[in-house]
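The following features are taken from TrEMBL:
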DOMAIN    5-330  domain 'FAD dependent oxidoreductase'
BINDING   THR48, SER49, THR185  FAD binding site
BINDING   TYR229, ARG289, GLY317  D-dopa binding site
Amino acid sequence: MSDKYVVVGAGIVGLYTTYSLITRLHLNPADVTVLAEYLPGDQSTFYTSPWAGGNFSCISPDDPQTLKFDKFTYTNLAKLQKTLGGKECGLDQRESTEFWDYQPEAAKIKSLSSYLQDWKVLPKSELPDGVAYGINYTTWNFNCPNFLANFKKFLESKGVTFHRQKLTHISQAYLPTTKVVLNCTGIGAHDLGGVQDGKVYPTRGQVVVIKAPHIKVNKVRWGRDYATYIIPRPESGDQLVLGGYLQKDNWTGDTFGHETEDILRRTTELLPEILDRPLDIVRIAAGLRPSRHGGVRIEAEKVEDGKILVHNYGASGYGYQAGFGMANEAIDVLIRELNKAKL
Ligand SMILES: Cc1cc2nc3c(=O)[nH]c(=O)nc-3n(C[C@H](O)[C@H](O)[C@H](O)COP(=O)(O)OP(=O)(O)OC[C@H]3O[C@@H](n4cnc5c(N)ncnc54)[C@H](O)[C@@H]3O)c2cc1C
């Protein structure tokens with residue numbers, strides 16, 4: 001074992017990045033260490049990944065880079081699912097319907113319609129009151145805690161070491177033989193010494209998880225100032241995630257009764273069939289999406305004596321659905337830096 005390559009962060013972005021690092025660079029996984037304060041299986045307000053819904057939806061912004069990350073992820077998840085052992089890894093496909101109260105950006109629709117499976121634009125007659133546009137397609141659904149745990153198990157089985165450590169400065173990630181550090185610290189990038197990115201801020205979300213074996217589909221409604229979503233969790237004993245909120249710069253992981261009531265009201269209006277069985281609430285939770293003014297940060301930063309640092313954070317509300325593309329981009333950046341170092 002050596003520590004030539006260190007990934008800081010064991011959220012979904014750190015795991016996608018570790019996988020991409022090994023596969024794209026054909027590394028010996030035993031040369032890779034993942035360092036993180038929180039690891040799969042843990043729960044903390046400052047570990048966002050377990051709290052995600054999580055599915056592929058139209059939540060991402062409309063810029064070409066994010067649309068590219070979404071497309072890469074959506075179209076490469078089948079291969080990853082197979083590698084991790086099939087749908088039991090916590091990743092499966094389900095039907096999804098999404099409504100907008102306004103006309104979504106043409107660039108976004110053009111991109112999504114080019115690759116989403118079973119894509120269909122819904123006729124006006126099938127749109128609820130107040131909805132301007134609607135689509136139906138087959139999406140990816142994650143059982144987030146299980147997917148994280150199975151992804152870690154897979155990487156460990158190949159030889160990657162996971163080590164729990166809270167860093168106070170990014171320089172602590174350089175272990176005695178480390179040449180390359182990939183920084184995937186999510187919301188942690190706001191406070192981590194040597195990074196302290198003031199552009200990072202949380203977008204808080206609260207969810208209500210219920211048991212609903214009769215609901216198998218995703219349903220989402222995008223308003224100008226709200227998002228309502230219903231996300232089935234594969235391989236979870238019929239859990240259904242109901243949300244939600246997109247509260248900028250709200251740092252609390254606490255949950256609130258009035259938000260629970262509001263989520264239940266909005267989701268049962270969107271999909272009244274939820275109430276065909278008595279409401280069985282499993283848990284209420286809140287998480288902080290790692291957002292960033294100006295979008296994700298995927299870039300190299302100069303550090304001393306030939307060492308390389310590549311940042312990859314700021315996935316906001318789309319770490320699962322765009323994170324594989326982000327990881328691929330971070331490895332492109334790393335390859336350019338390694339080539340420069342050879343010159
Ligand atoms: C309610 C909710 C619903 C969501 N739904 C979806 C969805 O349906 N689809 C989707 O794609 N996304 C969804 N998201 C967003 C998604 O969860 C995030 O984009 C993603 O989890 C971010 O992953 P990350 O790896 O960047 O951060 P994290 O999961 O927070 O991981 C950061 C890692 O860095 C480590 N770290 C940070 N600082 C330090 C330090 N100083 N020292 C050591 N380690 C450190 C942490 O311990 C952790 O291991 C949702 C989020 C929320 C809150």
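The chain as shown is numbered from 1 upward.
Using the three backbone atoms N, Cα and C, a Cβ is placed for every residue, glycine included.
Remember, TrEMBL labels are computer predictions, not curated facts.
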Mean pLDDT for the domain 'FAD dependent oxidoreductase' (5-330), as a whole number?
-> 97
If you measure GLY317 (D-dopa binding site) to THR185 (FAD binding site) at Cα, how many Å is it?
-> 15
Should SER49 (FAD binding site) be counted as helix, strand, or coil on the basis of DSSP?
-> helix
What residues, ordered by sequence, lie under 8 A Cβ-to-Cβ from TYR229 (D-dopa binding site) and sit at least six positions away in the same chain?
-> GLY53, SER57, ASN218, LYS219, VAL220, ARG221, VAL241, LEU242, GLY243, GLY244, THR267
Among the D-dopa-binding set TYR229, ARG289, GLY317, as the record gives it, the longest Cα-Cα distance in Å = 16
Could you check which of the binding-site residues (THR48, SER49, THR185) sits closest to ARG289 (D-dopa binding site), going Cα to Cα?
-> THR48
Pairwise CA distances across THR48, SER49, THR185 (listed as binding FAD) top out, in Å, at 11
For the recorded FAD site, enumerate neighbouring residues of the same chain (Cβ within 8 Å of the Cβ centroid of THR48, SER49, THR185, site residues themselves excluded), in sequence order.
-> GLY9, GLY11, ILE12, VAL13, GLY14, TYR38, PHE46, TYR47, CYS184, GLY186, ILE187, GLY188, PRO290, ALA315, GLY319
Specify all same-chain residues, apart from the site residues TYR229, ARG289, GLY317, whose Cβ lies within 8 angstroms of the center of the Cβ atoms of the D-dopa site, ordered by sequence.
-> ALA52, GLY53, ILE59, THR203, GLY205, ALA227, GLY243, GLY244, LEU246, SER316, TYR318
Cβ neighbours of ARG289 (D-dopa binding site) where a neighbour is any other Cβ within 10 Å = 24
Around THR185 (FAD binding site), how many other CB atoms lie within 10 A of its CB?
-> 29
Cβ density check for THR48 (FAD binding site), other Cβ within 10 Å (all protein chains) comes to 28
Note: in the chain of SER49 (FAD binding site), residues six or more apart in sequence with C-beta under 8 angstroms of its C-beta are GLY11, ILE12, CYS144, LEU148, GLY186, GLY319, TYR320
